[in-house]
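Take a look at the structure below.
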Amino acid sequence: MTDAPVSRCGYVAIVGRPNVGKSTLLNHILGQKLAITSRKPQTTRHNMLGIKTEGEIQAVYVDTPGLHKHNDKALNRYMNRSASSALKDVDVVVFVVDRTRWTDEDQLVLEKVQHVKCPILLAVNKADRLEDKSELLPHLNWLAEQLPQAEIVPISALQGQNLDTLEKLVGERLPESEHFYPEDQITDRSSRFLAAELIREKIMRQLGAELPYQITVEIEEFKQDGPILHIHGLILVERDGQKKIIIGDKGERIKRIGQDARKDMETMFDSKVMLNLWVKVKGGWSDDERALRSLGYLD
């Protein structure tokens, strides 16, 4: 008589500096787009759960904002607190670093991770970009000295390379437990939240160097009416100049933002979407704790 498979479940914090590939990693593990991504640092502002259930293993990944050194605004302080809090009461930590580049912000994350008691996996991202893999060795050896308790896994979050190994190692380190979430649930976030994040992603991708970081998105209406899902999104900025940048010449930029966001929404929500966007100036919102609380950034 064979033993029944052991059910395992636990929380897995994905941590690292801004723009190192944490959200891309989560999306590839889940096999679908959940966390927004862009080339801009600090794209992720909230902790978000991504739930992967496969057989007896349920890994509850916590995608975190990148730890950074700027604490000048309430929003920055909130993001750093969110990232730090994710390291508490988790069962596994996946620390994502670049294959060669090491920054002061990587060091900041390292100093946090060195104190955790749970298993650590060091995911060395973008390893696929090196033709000669032996070039990785000096950096891997140095990383092993910094975190001797960690197991090092070279990966490519974008291409999905070696993620099966990473997931296997995560699963082996999760505690024996009943699953926390239904098998078909992939996140703890609401559809309204995901819609707002998709709009913010398109703003960040379209604006490039012009990007005003003092932007956020609030969903004012999210209503299914027959085959059409009606979504009204309010884009908040801090200055009139930022409003003009987002709207663009004759409204062309906000039109493109809406078109791109709508396409992703229709895929995510499996519905035809009617999306309307407005831009409003709300001066100083990113440094106003009352405003941040009303926008869902603070508890």
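Please read every residue number as a count from 1 along the shown chain.
Cβ from N, Cα, C; glycine included.
Lifted from Swiss-Prot, the feature list:
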DOMAIN    8-176  domain 'Era-type G'
REGION    16-23  region 'G1'
BINDING   16-23, 63-67, 125-128  GTP binding site
REGION    42-46  region 'G2'
REGION    63-66  region 'G3'
REGION    125-128  region 'G4'
DOMAIN    199-283  domain 'KH type-2'
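K22 (GTP binding site) falls within a helix when secondary structure is assigned with DSSP. Around G16 (GTP binding site), taking its Cβ as the centre, 25 other Cβ atoms fall within 10 Å, counting all chains. Taking each of the binding-site residues N19, T64 in turn and counting other Cβ atoms within 10 Å of its Cβ gives the largest count for T64. Helix, strand and coil residue tallies for the domain 'KH type-2' (199-283), in that order: 41 helix, 30 strand, 14 coil [DSSP]. In the three-state DSSP reading, A127 (GTP binding site) counts as helix. Ranking the binding-site residues K22, A127 by other CB atoms within 10 A of the CB puts A127 at the bottom.
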